[in-house]
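*Asks:* Take a look at what TrEMBL says about it:
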{"type": "TRANSMEM", "residues": "12-29", "note": "transmembrane segment"}
{"type": "TRANSMEM", "residues": "41-65", "note": "transmembrane segment"}
{"type": "TRANSMEM", "residues": "92-111", "note": "transmembrane segment"}
{"type": "TRANSMEM", "residues": "149-169", "note": "transmembrane segment"}
{"type": "TRANSMEM", "residues": "181-208", "note": "transmembrane segment"}
{"type": "TRANSMEM", "residues": "220-244", "note": "transmembrane segment"}
{"type": "TRANSMEM", "residues": "256-282", "note": "transmembrane segment"}
{"type": "TRANSMEM", "residues": "302-324", "note": "transmembrane segment"}
{"type": "TRANSMEM", "residues": "345-364", "note": "transmembrane segment"}
{"type": "TRANSMEM", "residues": "389-407", "note": "transmembrane segment"}
{"type": "TRANSMEM", "residues": "428-445", "note": "transmembrane segment"}
Amino acid sequence: MSETLERWGSKRAFILAISGAAVGLGNIWRFPYVAGENGGAAFLLIYVAFVLLLGIPVMMAEILIGRAGRRGPLQALGTLAAEAGASKHWRWLGLFGAFTVFCILSFYSVVSGWSIEFLVASINGQFNGATAAEIGAGFDAFLASPGLLIFNHSLFLFMTMTVVAAGVAKGLERLNNLLMPLLYVLLLLLAGYAATTEGFSTALMWLFLPSFEAITPTVVLHAMGHAFFTLAVGACALMAYGAYMPEEQSLPKAAFAVAVLDISVALLAGIAIFSVVFAQGMDPAEGPGLMFVTLPIAFSELPGGAFWLSVFFLLLLLATWTSAINLAEPMVATLQGLGLRRSMATAIIALSVWLMGLLSAFSFSTLAEFQPLFGRNIFELVSSIPPDIFLPLGGLMIATFAAWIMPQKRVMKALGAGESGYLLWRNIVRWVSIPLTFIVLLGGLL
Ligand code: PFF
């Protein structure tokens, strides 16, 4: 049965695919604004610690389940549970993951749509000569136009689902190969520019000098949620990719490489964005608009700014595209596993996510005051609860399954790290990742 699935073309292709899933809005848009709302350095410190203690080990757990099962999440979990003599209900974890990515993709697509709008605006030179206040006002006016938001959301989702429908190897590999390094270089340049602004030293202090009073259970919960979100861990999305992993690759190395890349992208974006924030006297806790307002300001001060801003939004769009494809994959794989054709499965998922996304798109205008839970509107709910609660919860169960349920031989083979590597990984997951996730979730919820 294991021969029926496609494989990634090479080890490099697999790493690129995982980093394509990891690097996206989470690094460049979400990290700065969530850090901004949660005290900066304190948040950063805890988030990096969580990436190391939870993110990387659980990422390995997730991918190895996919690799051992060689199927979509639902089927992989079902087969492996049966094989281990455990309850077949474990497979519902696959469904929970699909529900999580469903919620996430619904707002992810709307925000990625903002990048499309900003790409077009920057190509048209709309930011040329604009002041910070004008750029801010323009963004608010954009959010208040649901028609525009829906148009861009539809476009982005269409782009995503077309690649998904085309199938894994064909659609994804080529795309990932070329574009990530380019984005990285651009961020490096941007951070270099940030170093010349007067906000730079304040930004560095704000990002790297934690004040420990700022650490509250909520900050810790957000930092944990973000660690899962940014690595794309906890929703069985990487599990779906693990199913296509080449036979002879070492998983720990791949996971570590991706995490380092992922954190460094977030740091570069953070340095660039907060330098502008402080140079312009803006509020770091500006919210979801933070990146969309600060970066046009930053670029407008640079020689050739309009051109580079367009290039930046183009690359951001490509980075979010590869993440969105990963968000869609487990849903499609699950439906396919239930016997649907890939094209049919993709169409059903596309339509449902599109409809759900409308609620987010309207959350900035018509539905702004519709706050069904905790005084938050739909966009605020779907952009916080699934990342902060569902992903860690999913990760907790994934880790439990891999480190407590699956037989050692199975895991060892899928991990590709020898016996001592396996034992180290298992001890970390059993005695650090699982209890820590549990405690933070509980603490944050109470
Ligand atoms: N890691 C992606 C980002 O940082 O933009 C978002 C993401 C992808 C989250 C896939 C969860 C997921 F399963």
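Any Cβ shown, glycine's included, is placed from N, Cα and C.
TrEMBL: automatically predicted annotations, no manual curation.
Are these features on the surface or tucked inside, and what touches them?
*Replies:* Within the chain, the transmembrane segment (12-29) has long-range Cβ neighbours (under 8 A, six or more residues past its boundaries) at 63, 108, 111-112, 172-173, 175-177, 180, 183, 187, 226, 229-232, 237-238, 241, 244-246, 249, 254-255, 257-259, 261-262, 265-266, 269, 288, 290-292, 316, 319-320, 322-326.
Distant neighbours of the transmembrane segment (41-65): 18, 31, 34-35, 73, 76-77, 80, 205-212, 214-215, 219-220, 222-224, 226-228, 230-231, 233-234, 236, 238-239, 241-242, 245, 251-252, 254-256, 258-259, 262-263, 270, 392, 395, 398-399, 401-403, 406, 411, 414-415, 425, 428-429, 432-433, 436-437; these residues of the same chain sit at least 6 beyond its ends, with a Cβ under 8 Å from one of its Cβ atoms.
A Cβ distance under 8 Å defines the sequence-distant neighbours of the transmembrane segment (92-111), meaning residues of its chain 6+ beyond its ends; these are 24-25, 29, 72-78, 149, 152-153, 156-157, 160, 229, 234-237, 239, 288, 320, 323-324, 327-328, 330-331, 334, 349, 352-354, 356-357, 359-361, 379, 382-383, 385-387, 390-391, 393-394, 397-398, 401.
Outside the transmembrane segment (181-208) by six or more residues, the chain places 23, 28, 35, 40-41, 44, 261, 265, 267-272, 274-280, 284, 295, 298, 301-302, 308, 311-312, 315-316, 318-319 with a CB less than 8 A from a CB of the stretch.
A Cβ distance under 8 Å defines the sequence-distant neighbours of the transmembrane segment (220-244), meaning residues of its chain 6+ beyond its ends; these are 5-8, 14, 17-18, 21-22, 26-27, 30-31, 34, 37-38, 43, 46-47, 50-51, 54-56, 58-59, 62-67, 69-73, 76, 93-94, 96-98, 100-101, 104, 168-169, 258-259, 262, 266, 323, 326-327, 329-330, 333, 384, 387-395, 398, 437, 440-441, 443-445.
Under 8 Å from some Cβ of the transmembrane segment (302-324) lie the Cβ atoms of residues 17, 20-29, 105, 108-109, 111-112, 115-116, 118-119, 122-123, 125, 127-128, 156-157, 159-160, 163, 172, 175-176, 179-180, 182-183, 186, 189-190, 193, 232, 295-296, all in the same chain and six or more residues away from its ends.
Residues 53-54, 57-58, 61, 217-218, 220-221, 224, 388-389, 392-393, 395-396, 399-400, 402-404 of the same chain lie 6+ residues outside the transmembrane segment (428-445) yet bring a C-beta within less than 8 angstroms of a C-beta in it.
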*Asks:* For the transmembrane segment (345-364), what are the same-chain contacts with Cβ under 8 Å, counting residues 6+ beyond its ends?
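*Replies:* Distal contacts: 102-103, 105-107, 109-110, 143-144, 146, 149-150, 153-154, 157-158, 161, 164-165, 328, 331-332, 335-336, 370, 377-380, 382-383.
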*Asks:* Which residues of the chain, 6 or more past the ends of the transmembrane segment (256-282), have a CB below 8 A from one of its CBs?
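*Replies:* Distant contacts of the transmembrane segment (256-282): 15, 18-19, 22-23, 26-28, 31-32, 35-36, 40, 44, 48, 51-52, 55-56, 59, 132, 183-184, 187-188, 190-191, 193-195, 197-200, 202-204, 206-207, 230-231, 290-291, 293-295, 297-298.
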